[in-house]
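Student: Dropping a structure here in structure tokens format, bear with me for questions.
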């Protein structure tokens, strides 16, 4: 790929802008009118609680169905994304930047005293722009933080489906591509089946909406999590049966740890007396769960996430480090996030956290870290 072609491909086309805007418009409308379980968020500092309509699975299935019908009647090409991926990437990046400028300006002007909209201004504009100033900014009644992460996960699936269509069209469909696509679609569908668990994650309850989250949700998730698919589209990998089976086990173990840990924490927050692995939960200081996965490592969900990420890359073989960008990046991110989480928890829980760390000494990897 020559530099001139690359620079030209990175300039957003009107087609890529239209695809992005139609996608966002669909999510806004579908999220507002489709039925779904109304889930209360955590109680904020001022005693208020936001409510989230978890209809993401229905919105996703309807969107895929509409696109499938559209491709059958030649209204939309199934390879529209894979044919113009770089243009769509640059259009999404520019939108993320512009959206954050609007959010920054809104945060500076906000006079709200509500916990979800109260501006947190440090005086450092770069810090405030990167980490955000408002916890849950809204637009036309839409919680933007919840909306953006939903858009990122759906966008990842749509990119993958377009890559799959391109692979079939070019006659390059391989076992490796099938495994990667299978793991990805199972992970994404599982996310939307358990979308309500997202309402109790750190991103939703504690992180303010800054460029870090906007860019991460809209650009980083869909376009870097799909690198393996783009790579397999242009590189043929032969997998042995044993390698394929081992790859499936890595995904399965990672999924069980990731989903199990998040489910245990979510259930514990809703009902602190609910059984964990058939036994009453061990609770430190009446606040911190030390049973199940959370009695093995303080951030066991990160371990599961890392194993799942690795399973996405293993179908690509070991001939190139490019397909392993996602698990390597995720490892660095989660270790950094774990360090930030530890500092916050030490400040919040004080002696209770120290007791929990004594009881559960391992951070992410049992007996290693």
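Positions of Cβ are set from backbone N, Cα and C atoms, glycine also.
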Student: Looking at 19-38, 119-138, 239-258, which one does TrEMBL call transmembrane segment?
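Tutor: Checking TrEMBL against the ranges 19-38, 119-138, 239-258, the transmembrane segment one is 239-258.
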Student: Which one of 69-87, 88-106 shows up in TrEMBL as transmembrane segment?
Tutor: 88-106
Student: With an 8 Å cut-off on Cβ pairs and a sequence gap of 6 or more, do the transmembrane segment (239-258) and the transmembrane segment (88-106) reach 3 or more such pairs?
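Tutor: With fewer than 3 qualifying Cβ pairs, these stretches do not touch.
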Student: Using a Cβ cut-off of under 8 Å, list the residues of the same chain at least 6 residues beyond the transmembrane segment (213-233) that approach it.
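Tutor: Result: 82, 85, 89, 92-93, 95-96, 99-100, 103, 132, 145, 148-149, 151-153, 155-156, 158-160, 163-164, 166-167, 170, 172, 174, 176-177, 180-181, 184, 203, 207, 312-313, 315-316, 320, 322-323, 325-326, 329.
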